[in-house]
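Participant: Provided herewith is a single structure, encoded as structure tokens, for subsequent inquiry.
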Amino acid sequence: MAKLREASFCALACVLVLFLSFVSADTYNRQDKQVYVVYMGSLPSQPDYKPTSDHISILQQVTGESSMEGRLVRSYKKSFNGFSARLTESERKRVAEMEGVVSVFPSKKYKLHTTASWDFMGLKEGKNTKRNLAVESDTIVGVFDTGISPESESFSGKGFGPPPKKWKGVCKGGKNFTCNNKLIGARDYTNEGTRDIEGHGTHTASTAAGNVVENTSFYGIGNGTARGGVPDSRIAAYKVCSGAGCSSEYILSAFDDAIADGVDVISASLGGDTAYMYEKDPIAIGAFHAMAKGILTVQSAGNNGPNPTVSVAPWILTVAASTTNRRIVTKVVLGNGKTLVGQSVNAFDLKGKQYPLVYETSVEKCNNESLTTLALSFLTLTPQSNEQIISMFHTLIMWSPKATILKSEAIFNQTDPKVAGFSSRGPNTIAVDILKPDITAPGVEILAAYSPLVSPSATTLDNRRVNYTITSGTSMACPHVSGVAAYIKTFHPEWYPSMIQSAIMTTAWPMNPSGTDAVSTEFAYGSGHIDPIAAINPGLVYELGKSDHIAFLCGLNYNATTLKLIAGEAVTCTGKTLPRNLNYPSMSAKLSKSKSSFTVTFNRTVTNVGTSNSTYKSKVVINHGSKLKVKVSPSVLSMKSVNEKQSFTVSVSGNDLNPKLPSSANLIWSDGTHNVRSPIVVYTDYASSVDIF
């Protein structure tokens, strides 16, 4: 046996040496090439301009090679101009100097930010919920993710008519992939095919716009009806992510296609590890072009809480994750009869049989076979169990205890939603006077469709396959907001992205701090918890267009050169807007620590989308024991007609800001029917430094 092991080891070593030699040779041949995104701005207006030919010509000039096979990765030629290619560092520099090239930046890997929730938000199924089904059927949600499972009942085309006439997309899902009148589009950028082999994309797509599917559960847990926010709408899947991550060039390709395809809302449950300057962020660049074409991009805040969110552009709606009134709990029964309650999703029924209880640091002493059988049996204990945990720890040292884990169960309570600990927080690390995240939505223990090609635990030891599963993340919160954005669009097809964003933010449920530190305040939940029903009739909205965002960027000291990096066209700063004076639905200002007293003003303009001859009176509510003084001028707005605009100024003053806690208030405009609420946040530099790339 020992000789056999030695022979096997030698054979493996030989194979490894050969493999490494091939890798070394391949690396030498590549000459340290990596994928760069070459951004060339807006498409030229000349009718005879051929983007791909231009891109190939640029590469041929730089590389001296005639064939671009293995060089050109993608051409962006529908909604903006550019390409991605494999270049050396010296080639990158030469490309950057060529005429027509706006910027060149390396492709980065982005990560995925990985049902009763709709009922919890008030968007219930049936006659009690107002719907515009004819328009909903013409609404298209574009999902940027790991693809989709086309056979899922959540995406069945049964009962749907042909795709909307505005749809210009295609179904290129790969082998054995078929679209239908529900799932009307599929594109793959990963060379894996659009079929979802990770599960993430199927889950998010069904949360946003999946069909109504009754009697769904995860092994009986969370049993009920699974559905999206706009079940009668259409879905287009753009696979930009694989198991290796989500590449910049894929994301930009998806924006290029989705804008041209005719989607109404883009849902992107993904992001980087840290916030990037706007001109270096493919999501910010793509979303800017989408905004200019009337398409709202909704992005997850990230799962790095309490660290800052990676989604920081004001033209993107940034979503934090919160709990609902349903909790899934698991009980551990110790050998002495004591019961510990924890939060996890455990589908196993051990039928009362007890197994050895292993403390974390002792796992290395177990053999592989014993760990294999118990690899999926674990849970996170609640803080209330602290004393029992300490007692159990001492028991583990002295004895060899056993325990059994009971199957999880769903319990309902009426506690307020709380922001999940994993949800990334503010402040905004790029534009410090723009409050992020914007809104909070359910993202904990969400039941939705799943890919049958991967286990629910995503581990190789798990052989289970399910059509629906329960998971958590800001990735799950993001499609809830995407669904609500599409829902609003069905009632107001003519609204700009900023109007939809404003409606969602100003009608949100107020949330209370869950703790006494900064990460428990508006930096956690933004404007509050989303309220879909109120959002379709907000009364007033804060409007923003492309020119407003350009003025905002000018206020961040962007010049004509750097502006072109984002807008994709020659733009000059004819006027600057202080970032805090961007006509944003929330108001935020970072102040110097050196000032003991301060006064800061915010200028805003609202548009009446309610009724004519309405009078709105202002009310200010001071939060968290803050000692702010807030003055609104004028304090009354009289709107004679729909679409009328009126401006006002908010002056905030105070003394000695708490360096560890933001001071905040709420401004509410009310006409007796509508309550248009905007959070006001002032803070100093309490946070630790964050690296910005």
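Backbone N, Cα and C atoms are what each Cβ position is placed from, and that goes for glycine too.
In case it helps, Swiss-Prot gives these features for our protein:
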SIGNAL    1-25  signal peptide
DOMAIN    35-113  domain 'Inhibitor I9'
DOMAIN    117-536  domain 'Peptidase S8'
ACT_SITE  ASP145  active site, charge relay system
CARBOHYD  ASN176  N-linked glycosylation site
ACT_SITE  HIS200  active site, charge relay system
CARBOHYD  ASN215  N-linked glycosylation site
CARBOHYD  ASN223  N-linked glycosylation site
DOMAIN    354-396  domain 'PA'
CARBOHYD  ASN368  N-linked glycosylation site
CARBOHYD  ASN413  N-linked glycosylation site
CARBOHYD  ASN467  N-linked glycosylation site
ACT_SITE  SER475  active site, charge relay system
CARBOHYD  ASN559  N-linked glycosylation site
CARBOHYD  ASN603  N-linked glycosylation site
CARBOHYD  ASN613  N-linked glycosylation site
Participant: Which of the active-site residues ASP145, HIS200, SER475 has its Cα closest in space to the Cα of ASN467 (N-linked glycosylation site)?
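Facilitator: Checking each of ASP145, HIS200, SER475 against ASN467 (N-linked glycosylation site), the shortest Cα distance is to HIS200.
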Participant: To the nearest Å, how far is the Cα of ASN223 (N-linked glycosylation site) from the Cα of ASN559 (N-linked glycosylation site)?
Facilitator: 55
Participant: Select one residue from ASN413, ASN603: among these glycosylation sites, choose the one with the most other Cβ atoms within 10 Å of its Cβ.
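Facilitator: When each Cβ's neighbours within 10 Å are tallied, ASN603 tops the list.
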Participant: Considering the glycosylation sites ASN176, ASN223, ASN467, ASN559, which residue's Cβ sits among the greatest number of other Cβ atoms within 10 Å?
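Facilitator: When each Cβ's neighbours within 10 Å are tallied, ASN467 leads.
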Participant: Roughly how many Å separate the Cα of SER475 (active site, charge relay system) from that of HIS200 (active site, charge relay system), to the nearest whole number?
Facilitator: 8
Participant: Closest to ASN215 (N-linked glycosylation site): which of the recorded positions ASP145, ASN413, ASN559, ASN603, going by Cα position?
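Facilitator: Considering only the listed recorded positions, the nearest one is ASN413.
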Participant: Given the recorded positions ASN215, SER475, which one has the fewest other C-beta atoms within 10 angstroms of its C-beta?
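Facilitator: With the recorded positions ASN215, SER475, fewest surrounding Cβ atoms within 10 Å: ASN215.
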Participant: If you compare CA-to-CA distances from ASN559 (N-linked glycosylation site) to each of the recorded positions ASP145, ASN176, ASN613, which comes out shortest?
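Facilitator: With Cα distances computed to ASN559 (N-linked glycosylation site), the winner among ASP145, ASN176, ASN613 is ASP145.
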Participant: Please give me the recorded positions out of ASP145, ASN176, ASN413, ASN603, ASN613 that lie within 10 Å of HIS200 (active site, charge relay system), comparing Cα atoms only.
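Facilitator: Correct set: ASP145.
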Participant: Which numbers of helix, strand and coil residues does DSSP report for the domain 'Inhibitor I9' (35-113)?
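Facilitator: Split by secondary structure, the domain 'Inhibitor I9' (35-113) comes out as 21 helix, 24 strand, 34 coil.
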Participant: Measuring CB to CB from ASP145 (active site, charge relay system), give everything in the same chain under 8 Å that is also at least six residues away in sequence.
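Facilitator: The list for ASP145 (active site, charge relay system) reads LEU112, ASP196, HIS200, GLY201, THR204, ALA205, ALA237, TYR238, LYS239, VAL240, CYS241, SER267, ALA268, SER269, LEU270, given in order along the sequence.
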Participant: I need the CA-to-CA distance for ASN613 (N-linked glycosylation site) versus ASN413 (N-linked glycosylation site), whole Å please.
Facilitator: 42
Participant: Over all shown protein chains, what is the count of other CB atoms within 10 A of the CB belonging to ASN613 (N-linked glycosylation site)?
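Facilitator: I get 9 for this one.
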Participant: For ASN413 (N-linked glycosylation site) and ASN176 (N-linked glycosylation site), determine the Cα separation and express it in whole Å.
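Facilitator: So the alpha carbons of ASN413 (N-linked glycosylation site) and ASN176 (N-linked glycosylation site) sit roughly 45 Å from each other.
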